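These features come from TrEMBL:
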DOMAIN    1-152  domain 'Myosin motor'
BINDING   Gly61, Glu62, Ser63, Gly64, Ala65, Gly66, Lys67, Thr68  ATP binding site
Amino acid sequence: SGIVLVAINPYEQLPIYEQDVIYAYSGQNMGDMDPHIFAVAEEAYKQMARDEKNQSIIVSGESGAGKTVSAKYAMRFFATVGGSASETNIEAKVLASSPIMEAIGNAKTTRNDNSSRFGKYIEIGFDKRYHIIGANMRTYLLEKSRVVFQVR
């Protein structure tokens, strides 16, 4: 296991995920700034570029903990630091998939009105200049045990 970040869902918008914060974490070394999802994303991005090896970020937590939102913030970080305005808009397409990502496999459960019943594996592809060239999302581990009812 590598770096572990414990994030808490504040259930409200905070100004800690804006564009200027992405730029503040971009290029920084882990530990130079406060713990943040952008610090984890920067470390993975930097190691991918330096070692030319695949990297993984695992986002885990309870229902309603903010896993999907954390994954979206990491994707936004990669789209910002791994793209440029002159490139094709593949970065925008990856980010546009977020609503689809949230909609797949959601159901009302005993804990949450809109809880995902699937794990999501998102693979983001980068070219040799470390710009995003595509993404692939797969779902796994259907969990039916906490579903309240099925719509007919």
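Cβ from N, Cα, C; glycine included.
Unlike curated records, TrEMBL annotations are generated automatically.
The record gives Gly61, Glu62, Ser63, Gly64, Ala65, Gly66, Lys67, Thr68 for ATP. Within 8 Å of the mean position of their Cβ atoms, the other Cβ atoms in that chain belong to Asn9.
Cβ neighbours of Gly61 (ATP binding site) (same chain, under 8 Å, six or more residues apart in sequence): Ala7, Lys67.
Around the Cβ of Ser63 (ATP binding site), the number of neighbouring Cβ atoms within 10 Å comes to 13.
Per-site Cβ counts within 10 Å over the binding-site residues Gly64, Gly66 peak at Gly66.
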